[in-house]
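*Asks:* Quick one: structure below, then a few questions.
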Amino acid sequence: MQLAVNIDHIATLRNARNEQQPDPVTAAAIAELSGASGIVCHLREDRRHIKDRDLERLRESVTTKLDLEMAMTEEMQRIAIRTKPELITLVPEKREELTTEGGFDIISHYDRLAEFIKPVRDAGIEVSLFIEPEEKAVALAAKAGADIVEMHTGPYSLKKRPEDIDAEIKRIRIAASYARDSGLRVVAGHGLNYYNILPFRRIEEIEEVSIGHALIARAALAGMETAVRDMLHLINEA
C-alpha cells in the first residue's frame with residue numbers, strides 16, 4: 001500500500017505567525033525522500049492554509065505525484081488546468097468547517113459533474129472524487145468519468161466500539177470492491193492515524209491512503225522522515 005502525505009497543516013503552522021517557515025515545499029520534499037508516493041494539498045477558496053504560490057512551487061518541485069484537493073468551482077478548475085497536477089480530488093467545502101466534514105455530494109452535483117470533469121481530463125489530469133463508501137456514489141462517479149474514488153474514512157475514525165468499527169470496515173470494503181469492479185482505482189483518507197490504520201491492510205482494493213493531520217502532528221515532534229517511515233512500516237510491514 002502506498003502513502004500520500006497531505007502537507008496542509010505545515011502551512012497552517014506557518015500561517016499562524018504569518019512567517020515563511022515551516023515551508024510546505026520543503027516538507028513535501030522530505031516526505032518524498034522518506035518514501036511517500038505522493039503529496040496532497042487542498043487549495044481552499046478562503047486560502048486558510050495552502051496559498052496559490054505554494055501550489056505553484058509544489059508543482060515545480062514534487063517529483064512523485066501532486067494531488068490537488070479542491071472544490072468544484074470554475075476558479076479551481078482554471079487553476080488546476082493551468083498548474084497541471086497529476087491528480088485533482090473534488091471535495092465538499094464549507095467556510096465554517098475546521099476540516100472536510102463529509103464526502104462529496106455526488107447526487108446533488110451529478111448534473112454538472114461530467115461537464116466539469118471533461119476539460120480537466122482533457123488537460124491530462126486524473127480526477128478523483130472524495131465520496132462516502134456507498135455503491136450509489138461509486139456508480140455515479142464511474143458514470144461521470146472519474147478515474148479514482150477516495151473513500152471517506154472519517155466516520156470509521158470516530159467509531160469506538162469494536163462492532164461499530166468492524167461494520168464500518170465492512171462498508172468500506174464492499175464499496176471498494178464495487179469501485180474496482182466498476183473500473184475505478186481506490187484510495188482512502190480522512191481521520192486515519194497510527195492507531196486505526198491497520199485494518200486497511202486487509203482491504204486489497206485500496207492502493208493508497210492519504211494522511212495529513214496525524215502524520216504532521218508526529219512530524220512536529222519526531223520529524224517528517226520519522227513520521228513518514230513509521231506510517232509506511234505500519235501499512236506495509238507490521
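Yeah, the Cβs are placed from backbone N, Cα and C, and that goes for glycine too.
Remember, predicted model here, so these are calculated numbers, not experimental data.
Quick paste from Swiss-Prot:
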BINDING   N6, R17, G191, G212, H213  3-amino-2-oxopropyl phosphate binding site
BINDING   D8, H9, R44, H49, T99  1-deoxy-D-xylulose 5-phosphate binding site
ACT_SITE  H42  active site, proton acceptor
ACT_SITE  E69  active site, proton acceptor
SITE      E150  site 'Transition state stabilizer'
ACT_SITE  H190  active site, proton donor
*Asks:* Give the maximum pairwise CA distance in Å, whole number, for the residues N6, R17, G191, G212, H213 listed as binding 3-amino-2-oxopropyl phosphate.
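*Replies:* It comes out at 26 Å between the most distant Cα atoms.
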*Asks:* Minimum Cβ neighbour count within 10 Å among the recorded positions R17, R44, H49, H190, H213: which residue?
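*Replies:* If we count Cβ atoms within 10 Å for the recorded positions R17, R44, H49, H190, H213, the smallest count is at R17.
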*Asks:* Enter the number of other CB atoms within 10 angstroms of the CB of E69 (active site, proton acceptor).
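*Replies:* By my count, 27.
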*Asks:* Which one of these recorded positions has the most other Cβ atoms within 10 Å of its own Cβ: D8, E150?
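*Replies:* Per the Cβ count within 10 Å, the most buried is E150.
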*Asks:* Given the recorded positions H9, R44, H49, E150, H190, find the one whose Cα is closest in space to the Cα of H213 (3-amino-2-oxopropyl phosphate binding site).
*Replies:* H9
